[in-house]
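A.B. asks: So that we are looking at the same thing, I have put the structure below in structure tokens.
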Amino acid sequence: MGQIHATTIFAVHHNGGCAMAGDGQVTLGNAVVMKGTAKKVRRLFNGQVLAGFAGSVADAFTLFEMFEGKLNEYNGNLQRAAVEVAKQWRGDKMLRQLEAMLLVMDKTTLLLVSGTGEVIEPDDGILAIGSGGNYALSAGRALKKYAGETMTAREIAEAALETAAEICVFTNHNIIVEALS
């Protein structure tokens, strides 16, 4: 059986709000859509933190559990938990084999966490990962730049994912958006 991958996650801070969106498509290799309703964005730490994944589904669940454990260990300190996950992920021979990326956010901080040890906080409050990530990132940046007060973070996240779904064959229109205000 081929590698099963999930696709596009987008996150944004905008006008005091924040939102994360993900599509529902899970693809086997490059040929078969296995599921269209996967939930790749979740609430953690009593609903105060959002986390989303792109990559291998089983690997992502391992990372979700690890991140949630660190988040609890460090009493909700998002940056500390992300750094500790990245250190453990990069330093452990077995964990280094995991093929996934995480976006994590709370009301004030947005981070990308990868297995190569990166913990990246964007300058503009926008991140996107997965096969449609570049499309969602481009759409989201344009929307945020020109939306001003007319769009919420939730609306920007949903519109960015809709744009990615129109372009990327590995991203569908079954979009789940979670927001913190």
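Every residue, even glycine, has its Cβ placed from backbone N, Cα and C.
So Swiss-Prot lists these for the protein:
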{"type": "ACT_SITE", "residues": "T7", "note": "active site"}
{"type": "BINDING", "residues": "A165, C168, T171", "note": "Na(+) binding site"}
A.B. asks: Below 8 Å Cβ to Cβ and six or more residues apart, same chain only. Which residues does that give for T171 (Na(+) binding site)?
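C.D. replies: Same-chain residues close to T171 (Na(+) binding site) (Cβ under 8 Å, separated by 6 or more) are T7, T8, D23, Q25, G130, S131, G132, Y135, A136, L161, A164, A165.
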A.B. asks: To test your reading of the Na(+) site: which residues beyond A165, C168, T171, same chain only, put their Cβ within 8 Å of the Cβ centroid of those residues?
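C.D. replies: Neighbours found: T7, T8, D23, Q25, S131, G132, Y135, A136, L161, A164, E166, I167, V169, F170, N172, H173.
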A.B. asks: Show which residues of the chain containing C168 (Na(+) binding site), separated from it by at least 6 in sequence, have their CB under 8 Å from its CB.
C.D. replies: T7, T8, S131, G132, Y135
